[in-house]
Amino acid sequence: DDDYCKPQWNWSFTDRCDYVLSSEACGGGGYLQWTSYVYCCEDDVGKWLIVAAGVIFLFILFLMLSTSADDFFCPNISTIVNKLAISENLAGVTFLAFGNGAPDVFTSLASVVTSPLPRADLALGGLLGGAIFVTLIVLSGVVLMRPFKAAVFSSLRDLGFFLFSMCFILLFFLVSDEVQLWQPLGCLGIYAVYVLTVVTTEIIKKHARRREEDTAARKNSCVGSPQLSTTTTTGLRPLKRTDALRTSNVSRRSVVISSFSGNAHELVIEDSCEDADEELEATGGGFIDTHHESAQNHKRLISATKGVVANLLAYYAPQFEEEEPSRFQRVKTYILWPIVTIFKLTVPLSTVDWCRPAAIVLAVLSPLMFIVNTQLIYTKPVEGGPGLYAYSPIVSIPLIAFILLATSAEKEPRFYKISFSLLGFVMSVSWMYAISNEVVDAVTMIGVVTGIDQAILGLTVIAWANCVGDLVSDSSVARQGFPRMGMAAATGGPLFNVLIGFGLPFTIAKIKGDTVPFQLSLEGSSLVMVTFMFISLIFTSVNLIIFRGHFRRIYGFLLIAIYIAFLVFVILSSTGVLPWIKS
């Protein structure tokens, strides 16, 4: 079979190994070819040890994918949005949506663009499987955590676009056995219209609010001039000098959550770097004088003389989110610390304090790691010469010289935030691309060994791994009192993943001239997947209209029941128990 890797165990060892090595369907786009490792191992025990190692490695890859997206990709995108003064509405449905959906999009990209044989089944299975999980399980977690009244117009708008997108994708199953260029371009076009609709809607709302405020102001001016108050109409008090001292010594860790309905929300967790009260007392309650400033400079000078090693150890040390972390947070931080350290060595991060020794390390390792991640390591610019990896010092040496000559260890460079956020964006993208390629290799091996269909692996293993983080974050947001935000992310987020996750990789593949067979037909697991996607969206839309946006806990339990039914039908379709949905 040219489309699927199906070595038979009754073949001789040599035939199986030769088949796996020669068939494009058995390979992925990463460096580790797990399928060939299994089928070209003569020892039977060794085969299953390799399978076990592949499963463990897949789990580590999902941790790396989640960490790279949450702790490096999203913070750098947030800095870019703030520095370039991109509007909140546009950022919410573009940059921040990309940040939340990056694992799904890059897994799809690896399934289609990098693999020797583009896998439309694995890509679309992962995207739709993730969408079903988010719209059912993640949304149920939000509702069960805190029942709420949703924003009816925004929610119906997102659900309407999603239903239209699913009807468009349904055409793929009915009219084509090969991906045509108009199909992915259509998906990109639908999302472009969605973005335009969101931005236009929010502009209209903003103008309407401004007119209401102007009308209210004119009414107040007719009544008379009110006395000036120390409190604004929004309930915010004027910033005092003590507040300025406190805020000047605050380290901000921003968790950006896109509502996908036009609003980008930023939750700020503030951890005091220094005790502002002690500083206020040290200044005698007055303004900071030159003597105090000189003392501060002296303290910074002493800190700088502690040495490069001490600065690096502090930079790469485990960082806790709270001053007094719980036992679970400690265990989680220490487990993820090796992964975070690998990324810190190669990915610039604009949200941490300036550290010149760490910047030099980044200048050495980042160019080389970019070449490795993008699989350009063996590209030879000169015939007969070394690979591109040998040329990385051409980039590293000027960067190191610039850091040593143009920056100081004590003062943060003026260009630090924007330059590190842009470079960090590029490096985090390269890491997610490389990790996704390895994920496809490992999942392909599991599918070949177990005989499980690639589409089913996509809508279960890949979907669960990529969306568990959404379940935790959206439920946490709801628990903190923002259930509308969780609802918006659970309905609008999958829309980005499906349209961009399908549109971008397949557009690239078709522009390259690749033939992409559409190995999915409207039967078996594909029929179950599409059917339950429609059930999920229609059920939420009907509930939204009938109960006027009120979501109660019974609705959350019903969503869980629908997802359980979905899994049951997937199992029945793969085993052939139900003839009418037999694959």
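Just so you know, glycine gets a Cβ as well, placed from its N, Cα and C.
Computed from a predicted structure; not experimentally measured.
The feature compositional bias 'Polar residues' is assigned by TrEMBL to 222-234.
The feature domain 'Sodium/calcium exchanger membrane region' is assigned by TrEMBL to 56-198 (among others).
Positions annotated as domain 'Sodium/calcium exchanger membrane region' by TrEMBL: 421-571 (among others).
Here TrEMBL flags 215-234 as region 'Disordered'.
According to TrEMBL, the transmembrane segment annotation covers 48-68 (among others).
The transmembrane segment annotation in TrEMBL covers 122-144 (among others).
The annotation transmembrane segment is assigned in TrEMBL to 156-175 (among others). Outside the transmembrane segment (156-175) by six or more residues, the chain places 124, 183, 186-187, 190, 194, 197-198, 201, 260-261, 488, 491-492, 494-495, 498-499, 502, 518, 520-522, 526, 530, 533-534, 537-538, 540-541, 544-545 with a CB less than 8 A from a CB of the stretch.
Residues or ranges marked as transmembrane segment in TrEMBL: 181-201 (among others).
Sequence annotations record features per position, and here TrEMBL assigns transmembrane segment to 358-376 (among others). Same-chain residues lying 6 or more positions outside the transmembrane segment (358-376) and placing a CB less than 8 Å from one of its CB atoms are 29, 31, 114, 311-312, 315-316, 344-348, 388-389, 392, 395-396, 399-400, 403-404, 407, 423, 426-427, 430-431, 433-434, 437.
What TrEMBL lists as transmembrane segment is 388-406 (among others).
Per TrEMBL, the feature transmembrane segment maps to 418-436 (among others). Beyond its flanks by at least six residues, the transmembrane segment (418-436) meets 30, 61, 64-65, 68-69, 72-73, 75-77, 79-80, 83-84, 102-103, 106-107, 109-110, 114, 343, 346-350, 366, 369-370, 372-375 of its own chain at Cβ-Cβ distances under 8 Å.
Residues or ranges marked as transmembrane segment by TrEMBL: 442-465 (among others). Outside the transmembrane segment (442-465) by six or more residues, the chain places 4-7, 26-28, 32, 34-35, 37-38, 51, 54-55, 57-58, 61-62, 65, 107, 119, 121-130, 132-133, 520, 524-526, 529, 567, 570, 574, 583 with a CB less than 8 A from a CB of the stretch.
Beyond the transmembrane segment (486-506), the same-chain residues lying 6 or more positions past its ends with a Cβ under 8 Å from any Cβ of the stretch are 93, 97-98, 100-101, 104-105, 108-109, 111-113, 120, 123-124, 126-128, 130-131, 134-135, 138-139, 141-142, 145, 148, 150-151, 154-155, 158-159, 161-162, 165, 169, 179, 183-188, 190-191, 194, 257-261, 263, 470, 474-475, 477-478, 516, 540, 551. Marked as transmembrane segment by TrEMBL: 486-506 (among others).
Residues or ranges marked as transmembrane segment by TrEMBL: 526-547 (among others).
According to TrEMBL, the feature transmembrane segment maps to 554-581 (among others).
Outside the transmembrane segment (526-547) by six or more residues, the chain places 125, 128-129, 131-132, 135-136, 139, 150, 152, 155-156, 159-160, 162-163, 166, 169-170, 173, 455, 459, 491, 520, 555, 558-559, 562, 565-566, 569-570, 573, 581 with a CB less than 8 A from a CB of the stretch. Residues 356, 359-360, 363-364, 367-368, 371-372, 376-381, 413 of the same chain lie 6+ residues outside the transmembrane segment (388-406) yet bring a C-beta within less than 8 angstroms of a C-beta in it.
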